[in-house]
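To start, the structure under review is shown below, and the notes come after it.
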Amino acid sequence: MASVPVYCLCRLPYDVTRFMIECDMCQDWFHGSCVGVEEEKAADIDLYHCPNCEVLHGPSIMKKRRGSSKGHDNHKGKPLKTGSSMFIRELRGRTFDSSDEVILKPTGSQLTVEFLEENSFSVPILVLKKDGLGMTLPSPSFTVRDVEHYVGSDKEIDVIDVARQADCKMKLGDFVKYYYSGKREKVLNVISLEFSDTRLSNLVETPRIVRKLSWVENLWPEECVFERPNVQKYCLMSVRDSYTDFHIDFGGTSVWYHVLKGEKIFYLIRPTNANLTLFECWSSSSNQNEMFFGDQVEKCYKCSVKQGQTLFIPTGWIHAVLTPVDCLAFGGNFLHSLNIEMQLKAYEIEKRLSTADLFKFPNFETICWYVGKHILDIFRGLRENRRHPASYLVHGGKALNLAFRAWTKKEALPDHEDEIPETVRTVQLIKDLAREIRLVEDIFQQNVGKTSNIFGLQRIFPAGSIPLTKPAHSTSVSMSKLSLPSKNGSKKKGLKPKDIFKKAERKGKQSSALGPAGQLSYNLMDPYSHQALKTGPSQKAKFNMSGTSLNDSDDDSADMDLDGSENPLALLMANGSTKRMKSVSKSRRAKIAKKVDSARLVAEQVMGDEFDLDSDDELQIDERLGKEKANLLIRSKFPRKLPRAKPCSDPNRIREPGEVEFDIEEDYTTDEDMVEGVESKLGNGSGAGGILDLLKASRQVGGPDYAALTEAPASPSTQEAIQGMLCMANLQSSSSSPATSSLQAWWTGGQERSSGSSSSGLGTVSSSPASQRTPGKRPIKRPAYWKNESEEEENASLDEQDSLGACFKDAEYIYPSLESDDDDPALKSRPKKKKNSDDAPWSPKARVTPTLPKQDRPVREGTRVASIETGLAAAAAKLAQQELQKAQKKKYIKKKPLLKEVEQPRPQDSNPIMTMPAPTVATTPQPDTSSSPQPPPEPKQEALSGSLADHEYTARPNAFGMAQANRSTTPMAPGVFLTQRRPSVGSQSSQAGQGKRPKKGLATAKQRLGRILKIHRNGKLLL
């Protein structure tokens, strides 16, 4: 058995807890306590000689000091080391931006959870006096020796050597001796003495706001097998010239500091994305101790915290600390729900920087799992009670859920599963939390519209403009600035600060008799336990958002003005009572009710299927709507009886932290009401290519103006060119001509079909009895097998035409609108349709459901495209020539009915159009491709040749240059259509009638196809 190696003069085995030093001569190891070498002094030794080697080689050699050349012998151009005496001297003399630009200075009684919710805990807060903070501290006569008495002199602590910016271990008793020694060879700083488990903890109580916000205080279970994170109480003992370099507190925690004695100077940097990126690069650089991070950012603020003052630094702020005089302070770190996303971001930065465990938040991921479970309970409880969470809680829940998904991925799970509590079902928690968040977001998108501060409140006064250190008798008011999008882009006027305080003071006087003076107290982490309500002259007033949730018309622009005669705003006082500033007239109330109804009707369209709330596959984003229509975006497959947000109507209700003043109201609107609301909305707009394609294909939209919405009018120049072409072709433009009759049939059929569909109910297009609906019922979807293949092909080709109807074109290119999507069928070849397809574009997440139509784009008058006019003229000339040739060949053709079909419109042309799902330019029904294996394409194309729609530029280009001879519903480009199809008809007809020899190169179908392909590939009019 091998013997255990022993070291040092004491000949004991290695002990990891004891400091040891190696002799540079004999290479043996010695305990520092055995040879008289302290750990903090070992860094100054260049060559160490043990007691045995000291006899032969002399004493240990110390490092040469360069302090004698402080002022005049300094090397020029050499950077200063962070923490050195020269660095501290230069730092003291530098000028920084004043922190008064960013920090808030409320009184202790004003600093409540409600204050942080309204003002957002995103900037530092300096409280000049501890009164009202609910904090317990020792008397100012408390000293470092008293700390040693309550903690114990044998307590091992972490001490920072400021000159080296390195950490070392030291007993508290030894540090106290150093602190009171007359000559300090080094600058030592104690900033991480956590005393929660010592007797000193009985003398210090954290601020009330910290106790209410802290996750550890409120959410950490007592029976948890993981060790409870103790980061709430720290004692900081710093000597003069102590300096802590720039850092973010572990886990993105917020921090509070109270200076009991002395002074501390904080250098603060805002945690913007750019600054965080710079900080990460600076922290990972090899010469970090030679660069002052404050020089790399745009602004670095200086904040002095003097004796008796308390500073709260929010999540993510990058800060450094300088101690100008000996200082004794208390502080602590805490995680909270006000900025969860930033906390997670700071945690990820720590992981990327490979921060040591000593400087990390203990069990950070464990507490996050508990918080995720708690937020889920909050969402469920608020929804069951018809209340709504605040925006910071929704954003925090989303950030947590994203982190949970990342931590539980298969490749990352081994690194994170050790911190997952056994009581948490991770997969179910992620799914339920995503469901609740989606419910909350959908409720507001369906009823209120997209706005950044619907869930929460916002501060309206910039930092420093109105001091928050007003006397106790003044009333502080904060208002939510709702910037809902309106039609004219205007925003509601804000209140002047003077008017706000005047009104608030009057209301405060009226409610001062309701109870004793005090503050409203909340517990953020326990939304179901209510604190006692108190009111008083210093109570906070908050605007109820009733009347501000709709901003759809111009007459709302001046409603926020307090000087007006009508104002729907009400002050919600701290006791829950609602006091209305001005009486709202009946006409104004009627306008508000009307707008609420109209918004509700548009938002709650009838959907064919139920919304699967437990499925993440139903999420869908449609980015083709413009900003002006963003507030009318309808989410697909939403439940029919969806709870709806409405302003709070109970004046005595207590608002919980993490909640806004809204109630949920169940929806009992009938389908008849919805049809009226949707038709009224659709009647105000006009169609455009892209959105109406989906509406027509899914057969969900009907209305009296539907036919007018489906086709954009041609420009005057195009219409003149078409008329000229018809005249040159000897075609009459009266109603008897095939072109006019076919166009008239299409228009009349579209009108009759749309009127019939609107009378039968929303979502039906065909006038057949099978598609009729009764009021109050859900729309009946037609089964896929009701449609044959020819109908699907017609629908596909019609959608292709309509999708390009509103696009600008010239002879060579098509110019789609900016709103066109990559999946637009007009921009790529359409794949073969399935029988059960509802003609909706493929989406990786969901099926696309009807959206609202776009507005008409103005047609540019007087614009002419030379290539188009040239093509029209050439096509018209060839048409006239072909008509003459056809008249000469009539006597040789036996099939007289075929020519009648060409020259005269058939009486049944208007009938098949009635059953088409969308307006079409075709006037002849397609034969069933399944029943007719080889349909004669040429006569069918001839019947379409006289249609006015043949000469409009709505043909969809084939991506592969294939001839579209068999697709009657998709007209070709003007030049190609007229020069190639008619000769083939004549040759084929004459060949069938008398066996006349065909033209050279056009004898077989293959030759004719090759001729057409060549024209497609090289023709000037190729689209």
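Quick reminder: no glycine exception, Cβ is built from N, Cα and C everywhere.
Swiss-Prot has this to say about the protein:
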{"type": "BINDING", "residues": "T244, K264", "note": "substrate binding site"}
{"type": "COMPBIAS", "residues": "733-742", "note": "compositional bias 'Low complexity'"}
{"type": "COMPBIAS", "residues": "749-771", "note": "compositional bias 'Low complexity'"}
{"type": "COMPBIAS", "residues": "887-897", "note": "compositional bias 'Basic residues'"}
{"type": "COMPBIAS", "residues": "912-932", "note": "compositional bias 'Low complexity'"}
{"type": "COMPBIAS", "residues": "986-995", "note": "compositional bias 'Low complexity'"}
{"type": "DOMAIN", "residues": "195-351", "note": "domain 'JmjC'"}
{"type": "MOD_RES", "residues": "S33", "note": "phosphoserine"}
{"type": "MOD_RES", "residues": "S84", "note": "phosphoserine"}
{"type": "MOD_RES", "residues": "S615", "note": "phosphoserine"}
{"type": "MOD_RES", "residues": "Y668", "note": "phosphotyrosine"}
{"type": "MOD_RES", "residues": "T669", "note": "phosphothreonine"}
{"type": "MOD_RES", "residues": "T670", "note": "phosphothreonine"}
{"type": "MOD_RES", "residues": "S686", "note": "phosphoserine"}
{"type": "MOD_RES", "residues": "S768", "note": "phosphoserine"}
{"type": "MOD_RES", "residues": "S790", "note": "phosphoserine"}
{"type": "MOD_RES", "residues": "S797", "note": "phosphoserine"}
{"type": "MOD_RES", "residues": "S817", "note": "phosphoserine"}
{"type": "MOD_RES", "residues": "S843", "note": "phosphoserine"}
{"type": "REGION", "residues": "65-79", "note": "region 'Linker'"}
{"type": "REGION", "residues": "472-497", "note": "region 'Disordered'"}
{"type": "REGION", "residues": "534-561", "note": "region 'Disordered'"}
{"type": "REGION", "residues": "732-803", "note": "region 'Disordered'"}
{"type": "REGION", "residues": "815-865", "note": "region 'Disordered'"}
{"type": "REGION", "residues": "877-1009", "note": "region 'Disordered'"}
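Here the features listed in Swiss-Prot are painted onto the structure.
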{"residue": "S33", "record": "phosphoserine", "DSSP class": "helix"}
{"residue": "S84", "record": "phosphoserine", "DSSP class": "coil"}
{"residue": "T244", "record": "substrate binding site", "DSSP class": "strand"}
{"residue": "K264", "record": "substrate binding site", "DSSP class": "strand"}
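Counting other Cβ atoms within 10 Å of each Cβ, the lowest count among the recorded positions S33, S84, T244 belongs to S33. Mean per-residue pLDDT, taken over the domain 'JmjC' (195-351), amounts to 94.
Here the candidates are the recorded positions S33, T244, K264, and by Cα distance the one nearest S84 (phosphoserine) turns out to be T244. In the structure as shown, the Cβ atom of K264 (substrate binding site) sits within 10 Å of 25 other Cβ atoms. Cα of K264 (substrate binding site) to Cα of S33 (phosphoserine): a distance of 35 Å. Here S33 (phosphoserine) is positioned 29 angstrom away from T244 (substrate binding site), judged by their C-alpha atoms.
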